[in-house]
Each structure stands twice: as structure tokens, then as C-alpha cells.
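Annotated features in Swiss-Prot:
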{"type": "TRANSMEM", "residues": "30-50", "note": "transmembrane segment"}
{"type": "TRANSMEM", "residues": "59-79", "note": "transmembrane segment"}
{"type": "TRANSMEM", "residues": "216-236", "note": "transmembrane segment"}
{"type": "TRANSMEM", "residues": "255-275", "note": "transmembrane segment"}
{"type": "ACT_SITE", "residues": "Asp306", "note": "active site, 4-aspartylphosphate intermediate"}
{"type": "BINDING", "residues": "Asp343, Glu347, Phe376, Thr377, Ala378, Thr379, Thr380, Arg381, Met382, Ser383, Lys394", "note": "ATP binding site"}
{"type": "BINDING", "residues": "Asp517, Asp521", "note": "Mg(2+) binding site"}
{"type": "TRANSMEM", "residues": "587-607", "note": "transmembrane segment"}
{"type": "TRANSMEM", "residues": "615-635", "note": "transmembrane segment"}
{"type": "TRANSMEM", "residues": "661-681", "note": "transmembrane segment"}
Amino acid sequence: MMEKGIWKDALIQSTKKLSPKLQVKNPVMLLVYVGAILATSLYFLGFFGISDEKSGYTLAIALILWFTVLFANFAEAIAEGRGRAQADSLKMARKDVLARKLKHIDDKTDVIEVASNDLKKDDIVYVLANEQIPMDGEVIEGAASVDESAITGESAPVIRESGGDRSAVTGGTTLVSDWLVIRVTAVSGESFLDKMIAMVEGASRKKTPNEIALQILLVTLSIIFLAVSATLLPFTEFASKQAGSGSAISITNVIALLVCLAPTTIGALLSSIGIAGMSRLNQANVLAMSGRAIEAAGDVDVLLLDKTGTITLGNRKASEFIPVDGVTEQELADAAQLSSIADETAEGRSIVVLAKERFDIRGRDFAEMHAEFVPFTATTRMSGIDYQENTIRKGAADAVRTYVTANGGTYPQECDAIVSKVAGAGGTPLVVVRNNKVLGVIYLKDIVKNGVKERFLDLRKMGIKTIMITGDNPMTAAAIAAEAGVDDFLAEATPEAKLELIREYQREGHLVAMTGDGTNDAPALAQADVAVAMNTGTQAAKEAGNMVDLDSSPTKLIDIVRIGKQLLMTRGALTTFSVANDLAKYFAIIPVLFYGIFPQLEALNLMGLTSPTSAILSAIIYNALIIIFLIPLSLKGVKYREMPAGKLLSRNMLIYGLGGLVAPFIAIKLIDMLLTVLGIV
């Protein structure tokens with residue numbers, strides 16, 4: 001249930017939206033708006049004896065038309081109100097605070113206190129525990145726990161640190177521990193929080209291409225019905241004279257008939273469907289930079305999914321040291337630990353822990369060793385340490401083979417056998433080499449998440465192809481892909497390989513979605529049709545994507561696709577229902593309206609409507625009430641089911657197409673009976 005305040009605010013907003021400036025934005029409802037004004041004018045003209053229109057009947061038509069416009073405004077106001085309520089909670093996190101601006105990055109005592117709104121890009125700020133981060137930025141020094149609950153709703157603090165893919169921080173979040181030095185990446189008004197508020201309020205929402213195309217269709221239909229209705233006045237006048245019976249249709253009835261036949265149902269709900277779709281995405285803690293991105297998600301037929309965190313649990317754990325002949329397990333463990341000391345990944349830490357547990361290998365004096373750590377990069381796919389004329393590297397088998405060969409060493413065939421065995425079991429092998437001599441393999445164990453196979457099966461039913469992206473060798477990738485049930489995989493993936501894979505599928509006419517969090521993902525994110533950047537990721541990744549997942553959960557991509565498809569389905573279902581409604585109302589009203597001139601048409605009055613007046617009133621009352629009844633469906637969305645597109649279309653055509661034809665006949669007859677019983681007609 002929505003809060004009482006949202007309903008109250010929506011009622012107020014629906015009256016404010018009666019302004020002509022706002023009504024012009026919806027051409028279909030503008031037709032009803034103008035009709036209401038004309039009917040009201042005719043009532044007053046009849047009241048003062050200037051017109052022959054029946055004053056009581058004309059007043060009833062005018063009031064119903066005004067309520068139709070108000071109901072359409074109410075649908076849009078409710079959708080906007082839900083977004084506004086979410087925006088209000090975000091605004092509480094956005095407040096001007098004093099920031100410590102560093103004059104020199106090396107001197108944390110020499111600071112200038114400035115208001116956060118006055119900070120500029122590339123300013124360096126120093127933030128301590130229990131202080132609010134003043135503006136969006138990149139951590140350039142330090143590591144700390146950050147409370148991001150104001151934005152994500154997740155109460156557990158997250159780690160933010162310099163380097164790597166967890167360096168981005170958001171203004172309005174709070175430091176829980178330690179300290180950070182941050183380089184500002186956005187100015188006031190352009191921050192991530194500002195963009196979120198603008199999106200959920202709908203201030204920056206633009207109509208999507210599909211919405212524009214549908215609105216053009218609805219306007220075209222409305223113009224056709226307007227032309228048809230306009231000709232009824234001279235036609236019925238001529239026909240009544242020729243037939244010698246009946247009378248010309250009144251202007252009030254022409255207005256009412258036009259409103260009944262125009263696609264007012266979908267015209268009234270179209271805006272609220274789009275806003276509600278954006279709101280559902282926001283409730284899933286995903287910020288879309290445009291409505292176009294949500295629609296693209298609904299049309300996606302290829303998903304590129306990172307193995308780690310999406311398909312597997314994410315934290316691979318070192319489970320075994322497997323040395324080659326002539327090398328002891330302890331010797332391999334010692335070298336593996338040294339190469340992983342500076343590795344802050346979960347895998348790196350697990351290697352250090354396993355070496356401690358197995359052989360009690362403890363910390364070293366790296367200053368005395370004159371050690372220099374070599375970080376992992378996507379290009380080399382290795383990390384390690386250089387110390388006292390010793391060089392240790394660990395990494396993917398093919399990367400280590402290239403490294404050893406390039407330096408004049410020999411890569412043993414025995415190592416290939418170990419790598420194949422580990423990969424065949426679904427593990428990840430990391431080869432360790434010291435001074436160009438291969439020592440053995442670290443066995444990292446991957447665990448596939450529960451339930452992913454079933455989810456991929458559902459996606460396959462929907463006609464979506466799933467591709468696992470991993471840096472693992474082909475054998476490991478194949479084993480995990482088979483266990484998880486994905487359609488294909490890309491092994492030993494580099495940024496260039498991801499980019500080329502996306503382009504290849506796009507050339508074949510597919511729409512591609514992917515997730516990413518690192519700077520190296522930025523080119524592929526920029527190329528993908530739906531690009532979901534992780535909130536924990538780098539600024540470059542966020543700027544390249546067209547969506548940001550505040551929870552930084554790679555599995556969210558599947559939910560985003562479902563929300564996108566639900567949006568398109570809801571719009572299609574209600575459009576089908578609206579058009580079917582118009583057809584039914586046409587066959588319900590026209591025979592009754594004209595059987596005074598053409599008595600033969602009485603045979604087509606299948607519902608036995610009492611009179612033309614009753615038929616018009618019943619139809620126009622139904623036309624207004626159906627908008628109110630469909631508001632919950634437009635906000636919640638049509639329930640999405642994992643089934644082939646053809647079956648889904650047939651199902652929805654049966655429910656909303658046939659339902660749209662039957663509902664008006666039943667409802668109009670019931671309203672007609674009620675009006676007759678009450679003596680209104």
C-alpha cells in the first residue's frame with residue numbers, strides 16, 4: 001500500500017495539472033480537455049437559453065469529461081509521487097558540509113575549510129571517521145569503511161580504498177572508520193546524488209523512442225476519429241431529412257462520441273507506465289541514465305555475464321599447492337605467499353593464509369629485502385614481487401608460459417598436465433615461477449552459486465543467450481560453463497576481446513547487455529546497448545555505462561532485463577486493451593445512436609441499451625472509470641513470465657485483447673441498467 005500522503009499529494013497535483021501548458025504535453029488527453037471545455041460552454045449557453053442543447057444532459061457529459069481528465073492526471077501524479085517520495089529521502093543525504101581541502105597532498109595539516117558546494121573538480125579533500133564525504137570522488141590515498149545506506153539502503157558498511165576497482169566514493173555517504181584522501185570528480189549539481197534525485201523525480205525524464213512512436217500512432221488515430229466525428233453533424237442532418245425520421249446528432253453527443261472512440265485509456269496511462277518503470281528500477285537500487293536504457297533492457301537478447309560474483313560465489317579460495325618434479329610443496333608455498341603479500345584480492349589473501357596454515361610461513365621484513373611488488377594488470381595477467389635479485393611471478397598459465405619463454409626459460413610439459421587437471425575439475429590454476437623456473441600450480445577453487453542453472457534456463461526460454469566472461473583458461477571456463485548451464489563462454493578475456501565480442505553480436509543484429517566495474521571495462525560498457533556499471537567501480541566505468549547498480553551486484557543484470565521486458569509488456573498490453581475497448585465501444589454505441597434515423601440498426605443493438613442518451617452516458621462513464629481501475633496495473637506492471645516471446649504474445653492477446661473487447665459490453669450494459677433503475681435516463 002502506498003502512503004496516505006502520496007495519495008493526498010496526487011489529488012492536489014491532478015488539479016494543478018489542469019493547466020493548459022501541462023495538458024498540451026499529452027495530445028490525446030488534450031482532445032478530452034478541449035471537449036470538456038466545449039461541453040461546459042454548451043451547458044452555460046443552454047442554461048441561458050442561447051443554445052438548444054439539453055442543459056442537464058450536457059452538464060453530465062461535461063462533468064464526466066472533466067473527471068476523465070482528472071483521472072488521467074491522477075495516474076501520472078501517483079507515479080510521480082512515488083518517485084518524489086524516494087527523492088525526498090535522498091535529499092536528506094544531500095546537505096552542504098564543510099570540507100577539508102588540502103593545499104598539498106603530502107601535508108594533511110595544511111587545510112582550508114570550504115563548503116562542499118564550492119568544491120571544484122580535481123580539488124583534494126581529507127575526510128576523517130564519522131564525517132560525511134562532501135562530494136563524489138576517487139580515493140587517492142587510504143582505506144576506510146563507508147556507510148552508503150543513505151543511497152543504497154544497505155546498512156552494512158563497504159570498503160573504499162585507493163587503487164583497484166573500489167576507489168569511487170559518493171557525496172552524502174559517511175566514513176565509519178579511518179581516513180581517506182579524495183580527489184573530487186564532480187561539482188555541485190552534477191554529482192551522482194544530484195543525478196539520482198533528478199531521475200527519480202522525473203525532472204530529467206525524456207520520452208523514449210518507443211513512447212514517441214506510440215504517441216504518434218495514438219495522435220493519428222485521434223485525428224482520424226476527430227475527422228469522422230466532425231462529419232457526423234452534416235451527415236446526420238442530411239440523412240434525417242432524406243429518411244424523414246430522427247434528427248441530427250447534437251454537438252454534445254459528437255464530443256462524447258469522439259472521446260469514447262479516441263484511445264483515451266492508453267493515452268491517460270502512457271506517461272505513468274514510463275515513470276513507474278523507472279521507479280521499479282530505482283526500487284531495485286539501479287539508477288538508469290535514460291528511459292531508452294530501460295527499453296533496451298527489455299529488448300536484450302544477449303547477456304554477457306562475469307563469472308566471478310555472478311555465476312560463482314566470487315571469492316575463489318586457494319585449496320592446494322601442486323609442485324612440479326624437483327620442487328617441494330613448501331618451496332612452492334613460500335614463493336606463492338611472497339607473490340601474494342601485496343595482493344588485496346580475496347584470492348591473494350587466501351594464498352597467504354593457506355601457506356601459513358600448511359607450513360607456518362609468517363611475515364618477512366620487506367624493507368630489509370628491498371622488495372618491490374608488481375601489481376596484477378589485465379594486460380600482463382600476472383602479479384608478483386622482485387627482491388634481492390629474485391623475481392617471482394604468478395598468473396594464468398598462458399601468460400606465465402609467454403613470460404618464461406620470452407626470458408629464455410623452459411616451460412615444463414608436466415605443468416601443462418597439472419593445469420589441465422585443475423581446469424578440468426572446474427578450478428582456476430595459477431602458475432608460479434621464480435627466476436624463470438616454474439615451481440608449480442596454485443589450485444583456486446570456484447563454487448557455482450545455487451540456483452543459477454535454473455535462472456539461465458528461464459533466460460533461454462525467454463530467447464536470451466547467456467555468455468560467461470572469464471579470465472580463466474578455456475578448460476576451466478568450459479567446466480564452469482557446463483556446470484552453470486550458460487550457452488557460451490569467452491575464456492582468457494581481455495578488454496579488447498570483450499569489446500570485439502559485443503561488436504560481433506551487434507553486427508548480427510543482437511542487443512547486448514553487460515556489467516563492469518573497472519576502468520578496463522569502460523570501452524566494452526560504452527559499446528554495449530545496456531551497460532550496468534557497479535557503484536563500487538571506477539568513475540570511468542560509471543561514465544561509460546548507462547545504468548549504475550547501487551548494490552554492486554553483477555546478478556542484478558538479470559533483474560534489469562526482467563524489469564525492462566515488464567515495462568514493454570505493460571505498455572503493449574494496455575495499448576492492446578485500449579484499442580480493443582475502442583472497437584467494442586464503437587459497436588456498442590453507433591447502432592443505438594443512429595437507429596432513430598435508420599431503424600434497421602436497432603437489430604444491432606445486441607446489448608439492448610435503453611436509449612441513445614443512456615448509451616452515450618454509459619459509454620463515457622465506463623471510459624472514465626476504466627482509467628482508475630487500470631492505474632494499479634500501470635504502476636505495478638503486467639506480471640512477467642519466463643516463456644518464449646510467441647507464447648507470451650498469444651497469452652497477452654487473449655487476456656488483454658479479448659478482455660478489452662468483452663469488458664466494455666458487460667460494463668456499459670451494467671451502467672445502462674443502473675442509470676435506468678435510478679431514473680436518470
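Note that the numbers count up from 1, one per residue, in the order the chain is shown.
Any Cβ shown, glycine's included, is placed from N, Cα and C.
The structure, with features from Swiss-Prot marked on it.
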{"residue": "Asp306", "record": "active site, 4-aspartylphosphate intermediate", "CB count, 10 Å": "24"}
{"residue": "Asp343", "record": "ATP binding site", "CB count, 10 Å": "20"}
{"residue": "Phe376", "record": "ATP binding site", "CB count, 10 Å": "18"}
{"residue": "Thr380", "record": "ATP binding site", "CB count, 10 Å": "16"}
{"residue": "Met382", "record": "ATP binding site", "CB count, 10 Å": "21"}
{"residue": "Lys394", "record": "ATP binding site", "CB count, 10 Å": "27"}
{"residue": "Asp517", "record": "Mg(2+) binding site", "CB count, 10 Å": "26"}
{"residue": "Asp521", "record": "Mg(2+) binding site", "CB count, 10 Å": "29"}
Met382 (ATP binding site) and the residue listed as 'active site, 4-aspartylphosphate intermediate', distance between Cα atoms, whole Å: 19
Three-state secondary structure, Asp306 (active site, 4-aspartylphosphate intermediate) (per DSSP): strand
Whole-number Å value for how far Asp517 (Mg(2+) binding site) lies from Met382 (ATP binding site) (Cα to Cα): 20
Met382 (ATP binding site): secondary structure state under DSSP, collapsed to three categories: strand
Folded-back contacts onto the transmembrane segment (587-607), same chain, C-beta under 8 angstroms, at least six residues removed: 236, 239-240, 243, 245-247, 249, 253, 257, 260, 615-616, 619, 664-665, 668-669, 672
Secondary-structure category, per DSSP, in which Lys394 (ATP binding site) falls: strand
Asp517 (Mg(2+) binding site) to Thr380 (ATP binding site) - Cα separation in whole Å: 19
Phe376 (ATP binding site) to Asp521 (Mg(2+) binding site) - Cα separation in whole Å: 15
Among 59-79, 216-236, 661-681, stretch most in contact with the transmembrane segment (615-635) (C-beta, under 8 angstroms): 59-79
Interface-richest range of 59-79, 255-275, 661-681 toward the transmembrane segment (216-236), CB pairs under 8 Å: 255-275
Between Asp521 (Mg(2+) binding site) and Asp343 (ATP binding site): CA-CA distance (Å): 20
Between Thr380 (ATP binding site) and Asp521 (Mg(2+) binding site), the C-alpha gap once rounded to whole angstrom: 16
Secondary structure at Asp521 (Mg(2+) binding site), reduced by DSSP to three states: helix
Cα-to-Cα gap, Asp521 (Mg(2+) binding site) vs Lys394 (ATP binding site), nearest whole Å: 23
